[in-house]
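Participant: Sharing the features that Swiss-Prot gives for it:
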type: TRANSIT; residues: 1-26; note: transit peptide
type: BINDING; residues: T204, K233, T244, E338, N478; note: substrate binding site
type: ACT_SITE; residues: T244; note: active site, nucleophile
Amino acid sequence: MMYRVSRTVTTCFRKKPLRINIQYRSFTKFDSFGDTPIPASKQRFVPTSGTYPKGFLVGSTNVGIKPSGLSQPDLVLVTSEEQWETCGAAVLTKNEFPAPSVLVTRELIKESRGRGVRGVVANSWCANLLTGEKGLEDSRKMSKEAGMVLEEGSTKGKDPNYSDLGMGGQRLPIDDIIQGFPKLHQNMGTAHNHWLQAARGICTTDTFPKLSSRTFTLPSLPNTKFSIAGITKGAGMIHPNMATTLGIICTDAPITPSALQQLLSTAADKSYNCISIEGDTSTNDMVTMFANGAAAPTHSPIDFDILAASQSADFIAFQRILIEFMADLAKLVVRDGEGATKFITIRVRGAPTYPAGKHIASVIARSVLFKMGVYGKDPNPIGVLAALGYSLMDTEFAGKGIINRELTSVSFVPADGAEELNFVKRGKLMEVDELRVKELMEKEDVEVVVDLRDDGSGNGEEAIYWTCDITHEFVTINGDFRN
């Protein structure tokens, strides 16, 4: 669902058909992205099996939204069976020009407070941004028709409500979408391939589908296995501000609506909101999550008490699990950045607060000079220091002595666990082994550590950002976007 790159639509739903909205992105020479083989270097990121949450059904189909000749799915539905008390939560783009779908989704979550919000319908390769009243009518029609089809075809009385996330410039092929809903419903299931095909169905310029799942336990139920699964997408227009891509996450753990929203918002801040490809925050993006409690239907749900000094052990444990899980999904997005050849970790240590450290890391992650240097296999620390030097200008952190040249060190950490290479030590450039530098920069994974307080005390907060290099291919993809 990114405005220039994603062409994906997302739709949350609950009890009765609500409203919907979608996305558009017009491809020409890159229309072939949809059916190209997964690059050999990326195949290791695509799981061949998984463990998926109980009570969730996933389906996908091709309704002809993608350019003629492409066979991959372009319409996706993820929903919890109605027998389970399900709640939903979402984090939405903070771009000041949000798509109507974002506004509708925000309204739905606000009105329902997450109760009864059971799933998402999404389409790729066509958006609905900047299409006026006709586009809004298409969205509402899509929502209504999808709900009617699910109601008629369900043995469990499904009657969903929809809202969606989208992109703009051209109206949806609404008739094709409506005609595809019965087939979409027939294709729903719980197997690994259902999830994998759904992950394929939200891809646009992605080179591989992004899917992850895992099991976990909670302190109060150590013998009960819970599951969490998620699909995500995004290859360009990626920079955090409360959702930077489309993400759909489901768990069969019992969680109250208020707790789910709190858990998702906190986890997004330390995962999806810590990635950047080219520094552009999309108008359409959303990460949404659903919990149905199907793995422990009689157990008291995880709750959130805003007045409590601390939360329950289950809440704390699940928060940690969710942050790790969402970080793994978010890193898959970066690994598939448009044209990217390097996966870069920016680690800032010694910051007085986490927000300050995160802000510094985000500025370095957006430095075109630094990112192009990594692409050219030149680890020149000047790009890092330049970005660090201006990172706090005109911010709430300016003038507070956070950056001290005489205490600042910059090093590159080899992916193989070898000793790190110190390029700057307490403000001074260091001589380095050029052979080791060459070996380091040949690796796909590059980690840069910026220590703001290299005084041996170990004091301060640590913040991490993930980004990628800027390549010739990135320029080609975006320069030829509509040609």
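Yeah, the Cβs are placed from backbone N, Cα and C, and that goes for glycine too.
Please situate the listed features within the shown structure.
Facilitator: DSSP gives T204 (substrate binding site) a coil state; it is part of no helix or strand.
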Participant: For a quick check of packing: other C-beta atoms within 10 Å of the C-beta of K233 (substrate binding site), how many?
Facilitator: 30
Participant: Counting Cβ neighbours within 10 Å across all chains shown, tell me which of the binding-site residues T204, N478 comes out on top.
Facilitator: T204
